[in-house]
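Novice: After the structure tokens below, expect a handful of questions from me.
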Amino acid sequence: AAKSRLPTVFKFARVWIPDPEEVWKSAELLKDYKPGDKVLLLRLEEGKDLEYHLDPKTKELPHLRNPDILVGENDLTALSYLHEPAVLHNLRVRFIDSKLIYTYCGIVLVAINPYEQLPIYGEDIINAYSGQNMGDMDPHIFAVAEEAYKQMARDERNQSIIVSGESGAGKTVSAKYAMRYFATVSGSASEANVEEKVLASNPIMESIGNAKTTRNDNSSRFGKYIEIGFDKRYRIIGANMRTYLLEKSRVVFQAEEERNYHIFYQLCASAKSPEFQMLQLGNANYFNYTKQGGSPVIEGVDDAKEMAHTRQACTLLGISESYQMGIFRILAGILHLGNVGFTSRDSDSCTIPPKHEALTIFCELMGVDYEEMCHWLCHRKLATATETYIKPISKLQATNARDALAKHIYAKLFNWIVDHVNRVLHSAVKQHSFIGVLDIYGFETFEINSFEQFCINYANEKLQQQFNMHVFKLEQEEYMKEQIPWTLIDFYDNQPCINLIESKLGILDLLDEECKMPKGTDDTWAQKLYNTHLNKCALFEKPRLSNKAFIIQHFADKVEYQCEGFLEKNKDTVFEEQIKVLKSSKFKMIPELFQDDEKAISPTSATSSGRILLTRVPTKPTKGRPGQAAKEHRKTVGHQFRNSLHLLMETLNATTPHYVRCIKPNDFKFPFTFDEKRAVQQLRACGVLETIRISAAGFPSRWTYQEFFSRYRVLMKQKDVLNDRMQTCKNVLEKLILDKDKYQFGKTKIFFRAGQVAYLEKLRTDKLRAACIWIQKTIRGWLLRKKYLRMRKAAITVQRYVRGYQARCYATFLRRTKAATIIQKYWHMYVACRMYKIRRAATIVLQSYLRGYLARNRYRKILREHKVVIIQKWVRGWLAQKQYKRSMHAIIYLQCCFRRMMAKRELKKLKIEARSVERYKKLHIGMENKIMQLQRKVDEQNKEYKCLMEKLANLEGVYNTETEKLRSDLDRLQLSEEEAKVATKRVLSLQEEIAKLRKDLEQTHSEKKSIEESADRYRQETEQLVSNLKEENTLLKQEKETLNHLIVEQAKEMTETMEKKLTEETKQLELDLNDERLRYQNLLNEFSRLEERYDDLREEMTLMVNVPKLEHKRTDSTHSSNESEYTFSSEFAETEDTPSRTEEPSEKKVPLDMSLFLKLQKRVTELEQEKQLLQDELDCKEEQVLRSKAKEEERPQIRGAELEYESLKRQELESENKKLKNELNELRKALSEKGTPEVTAPGAPAYQVLMDQLTSVSEELDVRKEEVLILRSQLVSQKEAIQPKDDKNTMTDSIILLEDVQKMKDKGEIAQAYIGLKETNRLLESQLQSQKRSHDNEAEALRGEIQSLKEENNRQQQLLAQNLQLPPEARIEASLQHEITRLTNENLDLMEQLEKQDKTVRKLKKQLKVFAKKIGELEVGQVENISPGQIIDEPIRPVNIPRKEKDFQGMLEYKKEDEQKLVKNLILELKPRGVAVNLIPGLPAYILFMCVRHADYLNDDQKVRSLLTSTINSIKKVLKKRGDDFETVSFWLSNTCRFLHCLKQYSGEEGFMKYNTSRQNEHCLTNFDLAEYRQVLSDLAIQIYQQLVRVLENILQPMIVSGMLEHETIQGMSGVKPTGLRKRTSSIADEGAYTLDSIIQQLSSFHSVMCQHGMDPELIKQVIKQMFYIVGAVTLNNLLLRKDVCSWSKGMQIRYNVSQLEEWLRDKNLMNSGAKETLEPLIQAAQLLQVKKKTDEDAEAICSMCSALTTLQIVKVLFLYTPVHEFEERVSASFIRTIQMRLRDRKDSPQLLMDAKHTFPVTFPFNPSSLALETIQIPASLGLGFISRV
């Protein structure tokens, strides 16, 4: 490659210098280089300084490094400096740091084997790359495959993918993934699953053609070219395989640590299987052909399981069990043949031991004669012109012959299998184009190189020549396309090397010539080579120390070949006699393998002992001339290989090639380990560096004008910017780059030579650095100015506070001085006052003592005087008293004497008067009056006596109580006295004890000290123990508190966990329900797809049948779906199926299509059954949920109604009891007011009250009877209203009822029904009469109660009279007892009445239930008695009743023959746009439902079925015809949902009726239950919704990536980096590119259309959620697959775009639709691009933030993060490892990408309409004049 050098290299420039260990090392220039300098001062990255000496001859400077911003580019051609170290470093950075194994190098995809399974090959990745341009996504094998597929379809040119590389580089895997991509993207054109068969051929070919080598565990030991055929619609129809150079020598020899072909070890691992017992196999170490390598097992590979996969692939490819066992017999025979041993008889002959076990088994398996095979293994036949000789051979020759036979058998078997695979993959349909995948060995060089390496390197020379020419051609086309001057680029042409090998007298020609010589040897051939080419051809050399080797200078390296074995391998000799023995085998498969070429099933070429060449299998055997086979047989391996290689090159030259170069990063198979030496060797060998060199020789860097302008706008001034971008770029470049040869202007691009982009980047960086410095200067000045102002403000503040502090200190000093003065003043005052008080107190004390002394003296004097006076007073009084008593005694004596004398005189007079009568008379005058007065006085005194007696009694009571108290006190005192006596005794005893105790106390005093000492010790110990216990107690308390806290927390946690579990279980149940719903909807989608496929096949069959008979084409056809039987008009005949008559001949003419048709039909039935099962399960689950909900709702309602009824009855009974109590009280009052016998008279008030009570009771009874009757009538009416709803005539019930009524035509049955009706009427009458009797009995009971009340009144009067005769006290007691008895009896009576009333209520309830049941049976009987004619006429009767004008019933009437016209005008030919704009939303649905209502009204089930079925089928037709139109799909989704809601709303079910008005409830369906059709309509709505989602996805898909990722919504945020050959299709300012506004406008358009069509709001939310999910998933998937958009600025763009979408949701009031949540992964990915990614805290924040992203996605974004600007840094590998460690326990999906095809399960919540059906008007524009409103 050309090196990038400048005449002057400045200081700090970074360069690459050669290194023996790392190949290239990075260094930095410490001193400017000037022309003429011989030494460069450099500093390595590890800090070491060195002097780098320039080559004195060439004086070439070291390679310059690219800017860091260009490192890690997707395309190596985007690098500014294109050379080997730059390529190597870029690959290493991508492979090690970013974990990216694919990189573009111009037209080449470089694939590095990671030796690790990566999640980048799933079907989601295939879908992401499908339809994308190659430069839009990160490099991938799928991108190459997509480019080939797209060019095949666009250019109609065959394509080839050439996969090359050395063993272990991953060629086979890359080819396999390419074929898987084609199989997944294109699909097959038939139901034969061709793509599965193409992929199934890989396990077979790997088992028989791959083996373990030291470099690769699954190395392909042959080359293959697979042509995948496509039809005109670019679907896979077949494939064909060509193979090259099978390594036959591996069958008989393996090197150390290598294995034979996998199939042998698979057989040995399965030897114990019953079907393999006959093969008599054993362990792999037993056989000579499988034990030589010493490594029979591959780590991580189970050969037994691989055998099962191989057999499964054979079965899929149509290889029967018998042929499979035949293949295994041959392979087992080869193993046993290898164990055949020879014994030498002499030096020229050998023998096989008799009955040799291995040979016996070989002959049994091959079906050949043992003796013949034994003979010809030890002998050979020599033929001369006249005679034939049989010659024995030596042991060595026999061993070689045995090995040659084994190799030949294996080669023939390999050919046969390849041929069979080709025949299975061959298609009868004509191939339109193909894509070839060439999986071929790369350039090889070993220590010992032989004939195989020579052929391989020869093939690689040819391929490299083709590659160089193609690259040169593309460069030339690009220059010519852009119209720039074309200069011839000098590139390496390896034609001389090819001429050396294949020209006349070339190496192959001389080899063939030597093979024809009788005594030709390898030595003679080597001498011919030396004589012919040595010193004549610069590319041919001779080794110095060998005469049996030669050296060829290949394009990649020099290779030394050893001549030994070339002739033998080129001849490929096998003994003919051994082949004849095999041809005579009884096992029929063996002769098939050895047929002649013209008769061979699998024609092959002769093979070398090293590798076998397979040519392309012709589809028809060609007949050759006699002797042609022999001539072909004489062709050497080299000659045939050259011919097949020419054929391959012709094929490749006729196609557009795509190159994949596989690189092996290390020889130890370590994952993601990069060995620079090995990588450079392979890069040189595979032509990648040659591509770089060719690109660097011209103009490798290419920019569009807009990209250049966007990137280098900073280098332009405002005046330089013109409207013409091209002219602007030209003007700027002329100023920036003075040498015009360094760039060229094309039509659309600017071409730069190597290094110019780096120069421009340097200018841009310098400009940005200068701008940054200016910004930094300004900002730093502003910061310092701000800091100065802040410091100045702080200084002023400090000064202010200091001055304030000083002022406050001075003020404090002044205050303290004043305070001290005041304190002194008060202190002096206090001292003076204190001295005064002391003196005053002393004076007062002296005065007090003196005055006291004087007062005491005065007091003593006064006291003496007072005592003297008292003594005088008592003496004088005693004397006066003594004198008075003496005088008083004398006076009393005198009086007594005088009174005695006077009394004696009076006594004498009285004795004289008593003796006279008159005296007595005078005395008795007025005696009687006095007696009366005395009697009165006596009475008064008696009263007083009674009062006094009462008082006395009271006093006595009080006295008695007091006495009792006193007695108790006395007793208590006596007890206390006794206790006191006892206490005194006890005191005495205690005193004695005290005396004793004193003695003991004295004794214990001595002991006390010792006890105190021990007590002190014990106290201290106790205190210590107590303190310890307290501490332990506190610890225990703390532990208790902590335990309580833990218990509380655990309880909280348990409750939280239970709540979480409950919520999780609820969420899981919801997820399960959604999964079931999604699964069911996916099955519906699959069913609709198969149904469409079924219709397409029927149409194709119709066309195939009708092509020869166009004149017999019928004008209409019978359409049948969902058991509907009606005929469409001719408008439908063109799109419907042909009748069964025309299908019969099609079965004969096209049996293949008919079989496919039957398969599809069978599959459809299976899917229908599965769908029905799932639907039943879903219905059962929904019914269970509905039942549980209904039960929960009904239970409280029923219970509440019963409780309410019981409470009402209880209130009524309580009110009646209160009334009865009030009436009894009034009766008692009336009786008690006048207690005379006249109260019971008829005219008395009491009697009148009783009569009033009787009348009121009878009236109350009548009222109760009326209430009972009203209740009965209400129950009956409710039963009549409920009965039609509960027992509604469903479609099946109505049919049964009609049949029953029609069967009742016998008069006897009608008479029996009439008799039953009469009996029920009689029963009702008897029950009513019994009820009447019970009411009469109640009236009699009330009359008896009145009589008892009369008796009670009389008894009370008697008691009153008796009480009047009693004393007052007894009267009171008697009245109280009587009242208590009366109230008790009254309560008992009331309780009995209450019980009776309860019994009566229960009885009435039962009777009401019986009556309701009887009435219901009576109504049913009446319905059964009606004739069938009346039933049919009854629904029509309301139509004939005269009504007012415009009194419509919300029905539409049409004739049955107008049904097709109705469907045609209303569905098939309706334009949604006009209906949506001009008419009410959902009008077609309302019209259809009103027609269904009329058919239901007529009880015409055929009409209902026919209309519903034709409606469903017509909607399907419209959607099939115009399914890509969003408005059509949205319109019919809205109408289908409205039709479904109408069927629910007017179904008559309570769950739906509660949302209706009373008028709407009258419009409910009366005869049919259309629940099954509701399910069909729900399925249809699901299918329409899925189709709507597909339409949305198809419209949005092209906009998402461009609008969300590529378009610069925030101008100037994202910088444009240089791109290579694979340019992005959407440039930055492309006028036709989509923007975010385009997406938002499209979303608004979708939303407005759906709103215009009247779609349910909940359904609109689901559609919006699905749209946002598609936007988020597609954007995130592209972000994960594009390294160029993983940057900080792009994260900002994405977040801004998401915010705009959220704003749109807010404007449309759709934030609660769940759409925002679907963007959460994209939001988190954008945040991940913007957050810091350095420390552990950043890693923790990322792990917590990215909860919606999987671990794979997080790590992928971090690996892909690419700095766009210089200030950004790459994410370190250690940080990514930290993230992986933190997320290792997270359970995530193993998928890298989101499933963009995922569709959320849709639900259709019930949305009743408030529109009245009778108000709907049918516009004339619909053309429905043949229907009329009813």
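Every residue gets a Cβ built from N, Cα and C, even glycine.
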Novice: Name the residue range among 24-46, 346-368, 645-667, 1680-1702 that TrEMBL annotates as region 'Actin-binding'.
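Specialist: Checked against TrEMBL: region 'Actin-binding' maps to 645-667.
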Novice: If you draw a 10 Å sphere on the Cβ of Gly170 (ATP binding site), how many other Cβ atoms land inside?
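Specialist: Excluding its own Cβ, the number within 10 Å is 24.
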Novice: List, in sequence order, the residues of the same chain other than Gly165, Glu166, Ser167, Gly168, Ala169, Gly170, Lys171, Thr172 whose Cβ lies within 8 Å of the centroid of the Cβ atoms of the recorded ATP site.
Specialist: Asn113, Asn216, Ser219, Ser220, Gly442, Cys662, Lys664
Novice: Which residues, sitting 6 or more apart from Ala169 (ATP binding site) on the same chain, put a CB under 8 Å from its CB?
Specialist: Ala111, Asn113, Gly442, Cys662, Ile663, Lys664, Gln682
Novice: Near Ser167 (ATP binding site), which residues of its own chain have a C-beta under 8 A away, given they sit six or more steps off in sequence?
Specialist: Thr213, Arg215, Asn216, Ser219, Ser220, Tyr441, Gly442, Glu444, Lys664
Novice: Take the domain 'Myosin N-terminal SH3-like' (10-62) and count its residues per DSSP category (helix H/G/I, strand E/B, coil), listing them in that order.
Specialist: 0 helix, 24 strand, 29 coil
Novice: Neighbour count first, Cβ atoms within 10 Å, every protein chain included; then name which of Gly165, Gly168 tops the list of binding-site residues.
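Specialist: Sorting the candidates by Cβ neighbours within 10 Å, the top entry is Gly165.
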Novice: Which is it, of Lys171, Thr172: the one of these binding-site residues whose Cβ has the most other Cβ atoms within 10 Å?
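Specialist: Checking each of Lys171, Thr172, the winner is Lys171.
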Novice: So how many other Cβ atoms are close to Glu166 (ATP binding site), meaning within 10 Å of its Cβ?
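Specialist: Its Cβ has 23 other Cβ atoms within 10 Å.
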Novice: Can you tell me the mean pLDDT for the domain 'Myosin motor' (71-765)?
Specialist: 82
